[in-house]
Structure formats: C-alpha cells, structure tokens
Amino acid sequence: MSQITLEELPGVGPATAEKLKEAGFNTIEAVAVASPSELATTAEIGESTAAKIINAARQAADIGGFETGDIVLERRKMVGKLTTGCMEFDEMMGGGIETQAITELYGEFGSGKTQLAHQFAVNVQMDREHGGLNGSVIIIDTENTFRPERIAQMVKGLSEKYGMELDPEEFLQNIHVARAYNSNHQILLVDSATDLANELREMGKPVRLLIVDSLMAHFRAEYVGRGTLADRQQKLNKHMHGLLRFGDLFNASVVVTNQVMAKPDAFFGDPTRPVGGHVVGHTATFRLYLRKSKGDKRIIRLVDSPNLPEGEAVIAVTTAGLTDQ
C-alpha cells in the first residue's frame, strides 16, 4: 500500500482532495485505477489534469506498466480462494472462488443462486484453515432475497460440520446489506461499498466478498425494447468494471447472480442463456450455470474460465447449507 496522501499528488490541492474523497476516491490506489473522464467529472478539473494525477498515482502506488510473466505469477500468489463447502465444487474451481475476480452464477428460478450467495457470505468469515478468508461481506440486494434466518441455519450447519461453537449473531454483524431500488442506486452502492470497505479495513475487518443479487433485475425492468439496449449495455459495462475494480482494490471475491432467458431459435441443446449479453460475458471471470436436479441436488457447470477446463459438479442444498451430494 502507498504511504503518501492524496494531497501530496501533483495537481491535487486540499479542495480537489476533498472532492475526490467525497466521491469515494479515498486512497492513492482508488485514484490510480480511475479513468481520466471519471476523475475530471468528480473533481471538476480538466481531463489532461486528471490524466496527470492518475499517472502520478499509478507511479506512487506501483500500479500499471509492463511486468514479466514471473512477476505476475508471484503476484497471483496473493489471490485468495474461498471454499464453496463442497469438495467436488472446489476441485472444479481450482480450490474455490477466487479473489480479484468476478464469478457469475446464472440459472432459472429455484436453481440455488441465492443459496450459494448466502453460503459464500458465511464461508468467507471462517479462518483459512477452514477454507475462509477471515473477511467481512457486503451484499447489494436488488430483489429483497437476503434472509438472516438462512445465514443462522448455515452457521449452525458449519458448527456441526467442524465441531465448533459458532455464533450466528457474530456472522450477521460482519454482513453489510444494502437494498438497491433501481439501476442508478445499484451502481451508486458500489461506490458506497468502497467507502465502507476502506473503513472496515482500518478496523481490521477487511471485506473479502462483495455479492450482487441479482445483477440484471433492475436493468431488465428499466430498459425495455431494442431502442434502449445500447444505453443499457453502456451503463451495465460501467457497473461491471466498477465491480472488477472493487475486487482488485480490496483483494475481494465478487459474486454476481444473474437471470436467464430462453433462446427461441435454439433447436438443439439447452436454449437457456444468461441475460446481459456480451458485456457480462466478457467481464465475468468465471461463469457458472446452475441447474435443478432431483430433490435437493443441483448441477453446477463451469462454462467459462481463463485458466480452468469446463466441468460439472453436483451439490446438495440442505437446511444446513451446501454439501456434497
């Protein structure tokens, strides 16, 4: 982490620094990964000045520029893996849900997307010995699906699984939930999440998981018809990159749930497709397709990953949480 303050950056005085902080740019790292247009609008300065400030921040934070592959490999060792709680699922994911990446869960209603999100919110708070990341959780809830009672059930399930005394109240205190009422509010909440994550990091409770459940609900409701598609995708693209930036800044896993649609011209194979188009497809690091099976079983397919082969895992969603089948 950089030791210099915003005010020490060339071109940033006390007034500009205050505007940046009000907009959520509290650290050198946050400025370093911003775009010139974004910074110019926020601080009411010219784009050329904003570009100089960003370049100075990148040098101070040692962000940007070319690196050799071995250095990237060394830095990749900082990436954490959050256990899913299921051995087969973890193996398919190369050890668990990665930090500094967006993992998309898509599937039809009742396929278990929200259940997985709840389970990850519990697992991430466990110590590394038990597959967790010792972290806090931020949830952006767009469909009013967060249920604290479900968290308590899952904590009880982990208590029985590991033979430990775990307090559901403590787990709930480390989960910070905000309800998003429209797409603008949803995007704004990512900025608010950045402020909260900075505060929690200073308190020794780093955020290691950001959940958006569900990603596309408001965008689908507000942007209807082909005429609005370009505007929707542009706005969605900005939102997805804001989520990616959050994951990088805080070494956190970003998990988004997504709705599906049926592709009417698909005569062969599964017609189910995730909504959000190429914007979501290109920005999500890992794409997981959830399908219902018999009873409480769910089939999870790894559809896309930069480093892992396609594969399937079968899990069970029980009262105690996710388990191997």
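Cβ coordinates are placed from backbone N, Cα and C, and glycine is handled just like the others.
Remember, predicted model here, so these are calculated numbers, not experimental data.
Annotated features, as they stand in Swiss-Prot:
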BINDING   G107, E108, F109, G110, S111, G112, K113, T114  ATP binding site
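Annotation for the binding-site residues G107, G110, G112: lowest Cβ count within 10 Å of the residue's own Cβ, G110.
Other Cβ atoms within 10 Å of the Cβ of E108 (ATP binding site), summed over all protein chains shown, number 14. Sitting within 8 Å of the Cβ centre of G107, E108, F109, G110, S111, G112, K113, T114, and not among those site residues for ATP, are the Cβ atoms of Q115, L290, K292. If you count neighbouring Cβ atoms within 10 Å for each of the binding-site residues F109, S111, K113, T114, the highest count belongs to K113.
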